[in-house]
Amino acid sequence: MVPRKFVAHPFAYHQELDVRIDNLTNEGSGVARVDGWVVFVPFALPGELVRCRIYRNHKNYSNADLVEVLEPSSERVTAPCPLFGTCGGCQYQHLDYPKQIEWKRRQVEELLKHMAKIEHPVLPVIASPKQYEYRSKITPHFHRPKAGEIGAIGFLRVGTRNAMVDVEQCPIAMPQLNEQLTVVRAEARANQEAFKNGATLLMRAAVNGVLTKADQIAIEQVGEVKFEFQAGDFFQNNPFILADFVGYAVDEAKAAGAQYLVDAYCGSGLFGISAARHFQEVIGVELSESAVRKASHNAEINGLTNCRFLAADAREIFKEVPHAGKDTVVIIDPPRAGCSEEFLQQLFAFDPKRVVYISCNPATQMRDLVLFHEAGFKLEKVQPFDLFPQTKHLECVMTLSR
Ligand SMILES: C[S@@+](CC[C@H](N)C(=O)[O-])C[C@H]1O[C@@H](n2cnc3c(N)ncnc32)[C@H](O)[C@@H]1O
């Protein structure tokens, strides 16, 4: 049946096309051009000839499903997970890892050019030392049981906002999480009558074991520094690359030669505390009160007396900083939504010596970068880190100075 809202131009519903893929978007979709018209085909790789089936036409592009790979790319590999292509978690298991990070670099470069209108080289992506079994946190979910029975326990299905895929094992998760997943799934099913609603199950692997309660204390070691945080709070979840990632951000911050550091969106203090011995004072700001309590505690357990943390919206920080912008570096690591405009306007008025902007969402980072550019900041360096092999996600560190 043709969906009611289907627009039948330029292709018919479920029309099949043989197309050559020539690009890979930062959403992980192959891109083909049919007489100049763009067709997005997930799970198809650049260079491949594929048969695809149209399911939606937009104003200036179409979406299609992959039907068959007619001429595979030499970079195509066999995805180890039987759920690859069905589970929404991974986009790149079918692409050889060195090519994944090469494409991620190009994607950042293209976003810079098209969204921020800045032509600037992007450094080669720093690879994750582990390409599978790296994730230290997973949160499988199940919907409200029907007639007392729990359905799929797992992650979102590809291309949906609500449907779940049943996931018994997740190859990007650390092995101890998969062991726990088996136990937790069995327990949930054994007690399914007890669940009146759906639930999200937390599993966090830390130095002190696998934690499943949001308020349990997780311990992580990042380089020389020990961190404690609540298992349910934010913490970067690829511990294998973390010391290098944080080390890079700290090096960029300290290279400015300023005495003071502001760590905005600081969580439990990861960047500020890691950098503290290079600065006279570190001031962090973070919305989550529990994370701020942990940040203060983390400074203390690492013997640091030059850090203080404020539980507030990031834009409040500039009232609290007694130092001049010219003596201060600001690290920013906002959530996926990026920085608020109020925060950025205050940051620009503060006029820091350098900004190290870390982001897990290049789209909002580029949006914010336009404002930095307008405010007279110059982009000095763009260094992506692959914290999330097999997926479309990455962390990008931008160094900006006036
Ligand atoms: C990507 S995390 C980074 C945390 C920390 N830098 C780290 O790497 O562990 C973003 C953090 O921003 C916090 N946050 C979200 N909105 C905020 C706001 N408006 N002001 C301050 N912090 C906020 C979240 O609670 C979260 O801890």
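These residue numbers are counts, starting from 1, taken along the chain as shown.
Cβ coordinates are placed from backbone N, Cα and C, and glycine is handled just like the others.
Automatic, uncurated: that is what TrEMBL annotation is.
Quick look at what TrEMBL annotates:
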{"type": "DOMAIN", "residues": "10-68", "note": "domain 'TRAM'"}
{"type": "BINDING", "residues": "Gln236, Tyr265, Glu286, Asp333", "note": "S-adenosyl-L-methionine binding site"}
{"type": "ACT_SITE", "residues": "Cys360", "note": "active site, nucleophile"}
{"type": "ACT_SITE", "residues": "Cys360", "note": "active site"}
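Annotated features, which come from TrEMBL, shown on the structure.
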residue: Gln236; record: S-adenosyl-L-methionine binding site; DSSP class: coil
residue: Tyr265; record: S-adenosyl-L-methionine binding site; DSSP class: coil
residue: Glu286; record: S-adenosyl-L-methionine binding site; DSSP class: strand
residue: Asp333; record: S-adenosyl-L-methionine binding site; DSSP class: coil
residue: Cys360; record: active site, nucleophile; DSSP class: coil
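Annotated S-adenosyl-L-methionine site Gln236, Tyr265, Glu286, Asp333; additional same-chain residues within 8 Å of its Cβ mean position, judged by their own Cβ, are Phe234, Asp263, Ala264, Cys266, Gly267, Leu270, Phe271, Pro334, Pro335, Ile358.
On a Cα basis, the residue listed as 'active site, nucleophile' lies 17 Å away from Glu286 (S-adenosyl-L-methionine binding site). Put simply, the residue listed as 'active site, nucleophile' is 8 Å from Asp333 (S-adenosyl-L-methionine binding site) when counted between their Cα atoms.
Confidence over the domain 'TRAM' (10-68), given as mean pLDDT on the 0 to 100 scale, stands at 97. Sorted by the number of other CB atoms within 10 A, the binding-site residues Glu286, Asp333 start with Asp333, the lowest.
Break the domain 'TRAM' (10-68) down by DSSP state and the numbers are 0 helix, 38 strand, 21 coil. The Cβ of the residue listed as 'active site, nucleophile' has 18 other Cβ atoms within 10 Å, all protein chains considered. In this record, S-adenosyl-L-methionine is bound by Gln236, Tyr265, Glu286, Asp333; the longest C-alpha to C-alpha distance in that set is 15 Å. A 10 Å cutoff on Cβ-Cβ distances gives Tyr265 (S-adenosyl-L-methionine binding site) a total of 23 other Cβ atoms nearby, all chains included. For Gln236 (S-adenosyl-L-methionine binding site), the same-chain residues lying six or more positions away in sequence with a CB closer than 8 A to its CB are Leu242, Phe245, Leu270, Leu387.
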